[in-house]
Every structure is written in C-alpha cells, then in structure tokens.
C-alpha cells in the first residue's frame, strides 16, 4: 500500500469531491421539485396527466441510469449542434460540457424515484387532517402548502434520506461522460501511478464521509419535527 | 434524425443492421443478471442463516460484509472487485505453482455482481425469516423435524411470501446494475449499444432502442414476479 501520491493529488481530490457534491445537490434539489409535481399528478391529476406521470416514472425507473446518461450525452448531445444558432449562443459553453448532461440525467432519474416515494407518502397522510383543512375553508393550494405536502414530506423523510444516499452512490457514473468527479480522480491517479487499489480506497473513504454527513443532516431535520406515535 | 427506412435498416437483425448486436447484448445482459442473481441468492441465504445462527464472530463478519457492500458505490465495487478478483486469483495460482489464468469477462462480471447482490439478498432474506411467526418453527421442532427438513417444509415456504417483493426489486436492480459492467469493458447491452452508435453516428436511435429493451425486460419481470407472488401467497388472506 502506497499513499504517497495523496500529497500531490490532494487539490484534485478536493475538486473531485466538489464536483460530486455539486452533482448531488443539483440533482437532488431540482429533482425533488420535479418529483413533487409528478407525485401530485399521479395522486390527484386528471386521466392524461396521471398516465403521463406514470409512464415517466416507469421509463426512468425501468432503464439503467447509465443508458439514460449516454442517451443524453451521446444521443441528444449529437443532435444539439443541429439546432441553428445554438452553437453561437451564450449557452453553448455549458451545453458542451459532460457535467451538464450528467446533471440533467441524474435530475430526471432522481425525480422518477423520488416521485414514487412521495406518491406513497401523499396517500399516507390521514384523511381527517385533509378534511379538517378543508373544513377551515382552505383552498386547494393552501391545503397542499400548509398540510398535505409538509405532512407527506415528514412521513417520507427516512426514505428520502435513503434515496439521497443512493443518488450519491450513482454519481460516479458521471466519469463516463468526462466529468472530473471523485471517481474520475481515482481513475486518473491509477493511470498516472499504476496503483489500482489505493486511489479506490481513498475515494471510497470520501464517499463514506459524504454518506455520514447526509445521514447526520437528515437525522437533525427529523429531530426538528418529532413524530408522536 | 434518419428517415424511417434507414432507421429500420439500422435496427435490422442482419449484418448491415445492428439489431442483432443489440439483441445479443441483451441476451448477455440477461445471462449475466441471471448468473449473478443465482449466486446472490446462494450467498444471501447462507448469509441470512449465518446472521441468525447467533454465532458472534460469524455475525460480525457478515455485518461487515453487508454494511461495506451497501455503503460503497456500485461502480467502485465493480471496478475494484473486478481487478482485485482477477489479480487475487492469479496470485493464488502463482502460489500454487500454476500458470496465471486469463479470467473470462463473463465469469468475472457474474462473480462480482453476484457478490454485491449477496449483501442485499442477505438483508432481504434475514428480514423475511425474522417475519415468520416463531410458533411455526417451534411446532416443526416439536414434531422432531431435522434442521434440513424444517427448512424445506416450514421455513422456505413461509419466508417466500415475505421475501418476494424484495427479491423482485433486487432482480430489477441487477439487470440495471449489469450495465455497469460496460465500464470494465465486457460487451453486454450498454456497451454493444455504444459500439453501434459509434460506428453509425446514430447514438440517439440506438440508445433509445437499448432503453426500450431494458424497459421490456423490466416490464416482463414485473409480470413474472407478480404471478410468482400470487402463487406463493395462495391460501393467505388478502392484504388490506
């Protein structure tokens, strides 16, 4: 075991960790907002929105994330330059990057899994609480904002923590589309120094630390809103 | 995008088209998944019984196995175990004085994915066994059944209804995780698709086709598992 390379690659490891965290935060926060829409579309939408939301979830949960990522990066990425004017637009430097495609595909994928969790949680909110809200004369959106959604999120919180950790464990796939995340740094170290296990062990420790931080954060949030049983 | 005619030509199963390559890739995805799933089932059953046996050192070892495997990203596990496995095997062979062996990509993929599946399987099966009313097992013991007979006649039929939803999820997870093997260079559906895309520049078409193949696998598996679950739940009262 030789860990002397760590001194030289330290800045690269930190920037890799930063890329991993950025991918995670972007996909989880935007994906969560999408999931709220998708979950409500399935629970209280009309027939067409219900079918659309269901098929979205089935597609993204039924195919591997790697295929979704490559479909976007290679597939959509090769079609994008055909849109006239896009290459000259200010957006192009962003749209050209693997990071953009990784963030989009992780977001869409996370939204599908999270929507399924939220759907169950929305259905688990006691009917009486919703009826009480309605009896107070709350409108549809007030009811959702004040009672239905907060209660559902509280019910789903432990599952959401698990989903976020799963999402963290999915981020190394970004290295296949040239993102310099933690795993990509390990790959580069292996190519430079011909060490196979040491870089993998070091980035694994990083992932474990990130997992512990996520668990701790959710634990703190759960303590803020205790459930009475 | 290509016209409909060229699209059909590209997807045709015969050589100028790439449909055959994709289908072959799908078949090897299924083969890898099935192999890994069976290995995972065996490891998981042994692990669950080991964890429940009450043997302290064995329990600690199995806890380390399930916790470590479930905490580390799958891609890192697959890459790490892929190299560690082939490397370790060759070192063992060297110690035994035998020439090094070129490990078949298929065998390595199945072994690595199976080892990862085993950890998740252990937890699913442990939970399913714990959910069996202990009176049933005690009754079997009171009848004087040997442990093997007790397992076959009482434990196994009673744990299946509890375990099947989890086992179904794991099957879907392994079919999707098998795509990660593409990263270490074994040609299954994901890698075959990238190859087809690279040689024709029709990435979008082929990745969409591959996604639909994976989706078909998922939907058919869902159907099979719901039929299986109905079968093992026969005679049980309907769930609320």
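Backbone N, Cα and C atoms are what each Cβ position is placed from, and that goes for glycine too.
TrEMBL annotations: computationally assigned, not manually curated.
What TrEMBL says about this protein:
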| type | residues | note |
| --- | --- | --- |
| DOMAIN | A:17-214 | domain 'ABC transmembrane type-1' |
| TRANSMEM | A:20-41 | transmembrane segment |
| TRANSMEM | A:53-74 | transmembrane segment |
| TRANSMEM | A:94-113 | transmembrane segment |
| TRANSMEM | A:200-221 | transmembrane segment |
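Most Cβ pairs under 8 Å to the transmembrane segment (A:200-221), among the stretches A:20-41, A:53-74, A:94-113, belong to A:20-41.
If you look at the transmembrane segment (A:20-41), the same-chain residues 6 or more away from its ends with a CB under 8 A from one of its CBs are 49-50, 52-53, 56-57, 99, 102-103, 106-112, 114-119, 121-122, 144, 149, 152, 164, 167-168, 171-172, 174, 179, 181-183, 206, 210. Listed as Cβ neighbours of the transmembrane segment (A:94-113) (distance under 8 Å, sequence separation of 6 or more from its ends, same chain) are residues 19, 23, 26-28, 30-32, 34-35, 38, 56-57, 59-61, 65, 68-69, 71-73, 76-77, 80, 86, 163, 166-167, 170-171, 173-174, 177-179. Same-chain residues lying 6 or more positions outside the transmembrane segment (A:53-74) and placing a CB less than 8 Å from one of its CB atoms are 38-39, 41-42, 45, 98, 101-102, 104-106, 108-109, 111-113, 115-116, 170, 173-174, 176-177.
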